[in-house]
Amino acid sequence: MNFGKWKQRLFEDFKHRDFLPIKILFFLSWGAHVSLIPFLTLQARSLGINEEEVGIIYSFIPIASLIAPPISGILADRIGNFRILLSAVTASAGLAGLLFLLVPPARIVHTMPNILPIEISCSEGQGANLRIAPPYLCEPQSDLDLFSIQVDECTVSCYYAESLENIEALLTIHDSNLKCKNSTNCYDEDNLPKSISSGALKFGETASINDPIYSMNVIKRINSTYESDNLLCPNLDKNFKDGHSCVTHCKATALREDVCKNNVSIEVLNPSLTFYSHLAIRLFKEFTLSSSMPLLDGAAVTILKEHNGDFGFQRMFANLGMMIMSPISGMLIDYFSIQNGFDDFR
């Protein structure tokens, strides 16, 4: 092949204005194709879709690729104007790429913090309960016996079981306002539970007691660290407990390595919804891509025949689009993932 003659033909092809839209379409269409398709598996894994589900999705993709070209060809013959169908399926392919943003995550991987948040509840009937604050899930240490916790904040909630009269009263203790609403009686400082009267009211805090829930927030910070094999409920005053059911809730922290042996925690949301929605969008995307590419080739060949053009020169821009756009997409994914602290394929 004469390289000089080939270079002259290429230069003349560049000067032909009717071929410029074809070059742009090939560059953008194939560039967009390779910007998305190679990363869809990574995007599926980032949503929590496991390997088995990814394999099932890929087993259906050849079916869409197989039936799309003949169906699009039949539709083009019936419509009589393949340019309209080409515009429709190309726009649909772009829309399908955006629909992946709507797929909810199936599983979220959380890195366990070194300081583990703990929730403690304590009631008269059920005793004390301790759990790791969501969304973390803990695999307890095999030799877990004793560990230290630091209590940060506690709340005492009491539920009144008897019928209440609509009586309002206001009792002032030191600089704090204890508001009693719809209660048959109010307690003075001596009859208040000791854990409340000495722990909260003397610090100028306001506690509201509202029907049907009596609630008081203990704001005082406890900086001490306790080691104990039992967590005991506070002994509430007997007069206060009559007709009431009280629960103490506390927020605490502990060292993760003392309690849990796992470094990451997987939060399971709705795997079925994620799998089927991702499968449906992926099949729609594959169908539109497999329809648009043959139609684009057919449109290009028709125009090139009218002007005695070379199809190979136009397809060369498709390869250029793939060469340029794919690494740019990868760099953008890495950049935004580093900025956001997680794999961000949006």
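Yeah, the Cβs are placed from backbone N, Cα and C, and that goes for glycine too.
Feature list (source: TrEMBL):
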| type | residues | note |
| --- | --- | --- |
| DOMAIN | 22-339 | domain 'Major facilitator superfamily associated' |
| TRANSMEM | 20-42 | transmembrane segment |
| TRANSMEM | 54-76 | transmembrane segment |
| TRANSMEM | 82-103 | transmembrane segment |
| TRANSMEM | 317-338 | transmembrane segment |
Would you confirm whether the transmembrane segment (82-103) and the transmembrane segment (317-338) meet the contact rule of 3 or more C-beta pairs below 8 angstroms, pairs 6 or more apart in sequence?
no
Across the domain 'Major facilitator superfamily associated' (22-339), what does the mean pLDDT come to, as a whole number?
74
